[in-house]
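Now, the feature entries from Swiss-Prot:
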{"type": "BINDING", "residues": "H25, H55, N58, E59, D112", "note": "Fe cation 1 binding site"}
{"type": "BINDING", "residues": "N58, E59, H74, H78, H107, D112", "note": "Fe cation 2 binding site"}
Amino acid sequence: PFDIPEPYVWDESFRVFYDNLDDEHKGLFKGVFNCAADMSSAGNLKHLIDVTTTHFRNEEAMMDAAKYENVVPHKQMHKDFLAKLGGLKAPLDQGTIDYAKDWLVQHIKTTDFKYKGKL
């Protein structure tokens, strides 16, 4: 597995080379960071769910348009993560924050990196 950056911010090692997706990934990092900074904030959790939903929709639309071969399992990973987020309520616990941090890092560097140059 890939290391979790500390502080938890996007850096160049996460670049997928599609500016819109890189910008959205930065927003996901910020969303998780904000939830970690104030685990009692329902607003931060809602914001994270909203930006994640929007990003997944945009990324999946690009994969569909490009007829990307791994779109089905990729969409399932998105669906599973959103289901997990949707089941959460503030206050969050450290285990949940750690899960979200790790999921995002591993997903981008393992799964998203497979579509580099293919969308």
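Using the three backbone atoms N, Cα and C, a Cβ is placed for every residue, glycine included.
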| field | Those residues of the chain, 6+ apart, with a Cβ under 8 Å from that of N58 (Fe cation 1 binding site) | value | N20, L21, E24
| request: Across all the protein chains here, work out how many other Cβ atoms are within 10 Å of the Cβ of E59 (Fe cation 1 binding site). | output: 24
| request: Could you measure between E59 (Fe cation 1 binding site) and H74 (Fe cation 2 binding site) for me? Cα positions, answer in whole angstrom. | output: 10
| Non-site residues, in chain order, whose CB comes within 8 A of the mean position of the CB atoms of N58, E59, H74, H78, H107, D112 at Fe cation 2 | H55, F56, E60, M63, K75, M77, T111
| said: Measuring Cα to Cα, how many Å separate D112 (Fe cation 1 binding site) from H78 (Fe cation 2 binding site)? | reply: 11
| note | Note: in the chain of H55 (Fe cation 1 binding site), residues six or more apart in sequence with C-beta under 8 angstroms of its C-beta are L21, E24, H25, G27, L28
| query | Highest CB neighbour count within 10 A among the binding-site residues H25, H107? | reply | H25
| In sequence order, which same-chain residues at least six apart have a C-beta under 8 angstroms from H74 (Fe cation 2 binding site)? | E60, M63, Y68, T111, Y115
| remark: Apart from the site residues H25, H55, N58, E59, D112, the 8 Å Cβ neighbourhood of the Fe cation 1 centroid comprises V16, L21, E24, L28, F56
